[in-house]
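Peer 1: Here's a structure for you.
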Amino acid sequence: MAFSGALTLSDLNDFISPSQACIKPVEMAKTSETQGAIKVDDTGSYYEVSQDGSETKLETATISLNDCLACRQTNDPTKHRTVVISISPQTRASFAAKYKQTPLQVARKLTWFFKNLGVHSVFDTSFSRDLSLLESGREFVARYKNAVKKGTIKSPTTNESVPTSSEGGDMDVDVQQDVKATKAPRKRIIRRGVAGASDEPAVAVETESAMPMLASACPGWICYAEKTHGYILPYISETKSPQQIMGSMVKNHFGTQLGLNPDQIYHVCVMPCYDKKLEASRSDFYSDLYRTRDVDCVITSTEVEKMFSEQGQTDMIAFGEVNLDPGYNSVIKDPITGADQVLVGASGNASGGFLEYVMQYAAKELFGIDGIDVDKGLGVEVKTVRNADFREVTLQLPGASEPLLKFAAAYGFRNIQNLVRKVKTGKSPYHFVEVMACPSGCINGGGQLNPPGDNHATVPLKDWIGLADQQYRNSVMARKPEENPVLKQLYEEWLGGVDTPKVKQQLRTGYHAVEQNLINPLAVKW
Amino acid sequence: HQDRVWCAAWHPTKPILATCSGDKSVRIWQATNAEDPTQWQCTNILEGGHKRTIRSVAWSPDGRQLATGSFDATTGIWERDEEENGDYECVATLEGHENETKSIAWSKSGALLATCSRDKSVWIWEVEEENDFECLSVLQEHTQDVKMVAWHPNEELLASASYDDTIKIWKDDDDDWYCSDTLQGHEGTVWAIDFSATGEELISASADQTLRIWRRFKPNNSMGIVPTRRGEPIWKCVSVVTGQHERCIYSVSWSKCNGLVVSAGADNTIRLFTVGPVSEDATGRLTEEQQKTLNDPGVLLEAQCVTKVKNAHGTSDINSVAWYPNEEHGDWLASGGDDGS
């Protein structure tokens, strides 16, 4: 780019602003106490010239990609720790799709693989997800009730022409999946409207009654919201994600049962994306007392695959199989075949099923409506709006003029944009939105396995996602979170009840807007 | 204007010009006498809508709205009050880009608006009721600052030019927008692009001091050019205009009524070209056989410089040139420069 002679220094101000400063602290030992000068030699290396004239070469500060992704403190490898690994069902599905196994086989093989490496226990985050779902449901119902009390939302009038109490099983509304209408040529719509949205929302929002409630399990979404849309943080659910709940459970419950302190356990999670590494490294999930994190390390599906080759074992089909560990696994004895173990889990799509569960739970708790199944389209209307990554799910009584509950799922950046804009201007018609950063959701996370060979030349991405998605649902029996027998125990023994301070401490979290510091480069003292 | 003029845009139907500037304002100009291009008066000033430089301005195809793209990362939509000499007010603000918005463009139907930014992304918005704009797509395939976006004159096809030396063609496939083709060849930032009247050709201006003309080849064309991987029309460079500009070219405009091309940039000169098929004795043409193997149509068009205006804005860079959009004043040309005029 050639600059013309007329460019002046002051122009720089308008073109380029410095990017957000990296927050990694650079540890540099000060080489001398006294002030020295800095000199640069021909090769561009920096030397500190101390008072007596001697020169010490200064190390260049380096930030590795690993640092950026993990941003974790260096752990002392000499301290022996009990290793626990928690695997996500999306990872399981990814392996099942690629290696053509069933998810149960994958779980058993991964358990065998990790145990051979000396891992103590292998768990399944579907288990902790039950807690996350349950808590999300509870949080939503509490918020809804508060919002009604406050008057920010109107409770739909219940004296409409309501069918008798047998509505439960009778609400078999046909699944209405609207395929996107054939495209008419786009026409311009002009209306004289009100002036555009003002910069900041006028009224401060309180989390305990903020509507809509936005799902919190996706760290990609959380990081983006904290960085760019601080005003939306009060709307986000305070329930921890399945990964972090597993972290709390492993360190503060499982560990106690083994007689170990949290810092004597090394907890690894296997996840479908890289953003989960950022989530694990949040200071909210760090214990000052034991100087340890709830989740010490996150690896992705592809990183596990790399471990296979590092161990010289690339043929997963040839792996051994062992029973899954008792404890935090979602397995029961198969009622049909009598086999020792069959996988169970909450129904819902491959991004965790938050929308499905909260809808079903809220319908029951708030309106006494039973038998809702979003997956099967029972009792609710499911619509695809705009594009495949934006769905609306509405609970409306026949003959009613207003829906009882209106939920949505918004995946992918462009849909997040539209959602955030609507919430900001107060025009969002939803009570709950499941937000995911990746198009198609977690099953298509950045760390999921790729097809063998040259990526997507042979298997188009849409098909590949479809395969993994199929495997996700494959041979996993549906079980509602409240039917998980261990959960009841956990609430009673570990948490001391359903609404105790310990519940808040272990299962809930908070968010922090990132301050944008736009430094004027000319004002910085060099 | 109190600062450099970044962009000049003609109203689609009336002899009205909008210019935007580093002084954070937009000025609307009307000819005092409809036939005389030499006398202009400033009828409106749009201020207070943006916190930083306004880098680009564009009229909607029906002339009722004006979009402004600013370094404050937002795009403003302005409308004029009902009465004849009403003021313009900002009726909507499109947010979302992470940093400076560089260019905005309305599609032919006026139902879509494209914006691009230094954050390397191109956003496509759909116009909804009551001045609500919904984000249809966020396209992040450029590897550097995106300098300009331009819509095809007839179809819903978008082109974007970037600091990464490429031009990308974007299309819609029901669910999302995707990059249909990437035009490589420039050796420097591509600053500006414009389509020909039919939309079969695209001209681009670059920091490498050349203009390039690209032509679209549909599948099964007579020259045997292979289509894109998805089997779609592919764009190939059919002309390179070198040796004319002595510095970066910042703007290019292809008249939709008389076919002339105007370009200007850092060498302070405005140049006019006619574009026509290559004359018989052009050297460097590949034989038919060679063409087929290289999948390159060779040089098919050439641009002849017919006139130039040196130091059109004195010693200042010229940032924008724009042809009058229709035959009514087809020979009128607007230019905006660093001298604030």
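Counting begins at 1 with the first residue displayed.
Backbone N, Cα and C atoms are what each Cβ position is placed from, and that goes for glycine too.
Since this is a predicted model, take the numbers as computed values, not measurements.
Annotations for this protein, taken from TrEMBL, read as follows:
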- B:1-39: repeat 'WD' (REPEAT)
- B:47-79: repeat 'WD' (REPEAT)
- B:94-135: repeat 'WD' (REPEAT)
- B:139-171: repeat 'WD' (REPEAT)
- B:183-214: repeat 'WD' (REPEAT)
- B:242-275: repeat 'WD' (REPEAT)
Peer 1: What is the number of residues in the repeat 'WD' (B:1-39) that are helix, strand and coil, as DSSP sees it?
Peer 2: 0 helix, 18 strand, 21 coil
Peer 1: Looking at the stretches B:1-39, B:47-79, B:94-135, B:139-171, B:242-275, which one shares the most CB pairs under 8 Å with the repeat 'WD' (B:183-214)?
Peer 2: B:242-275
Peer 1: Looking only at residues six or more beyond either end of the repeat 'WD' (B:242-275), which have a C-beta under 8 A from one in the stretch?
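Peer 2: Contacts of the repeat 'WD' (B:242-275) (Cβ under 8 Å, skipping residues fewer than 6 from its ends): 153, 188-189, 191-197, 201, 203-207, 209-211, 213, 301-327, 330-331, 333, 335.
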Peer 1: Do you know the mean pLDDT across the repeat 'WD' (B:183-214)?
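Peer 2: Mean pLDDT, the repeat 'WD' (B:183-214): 92.
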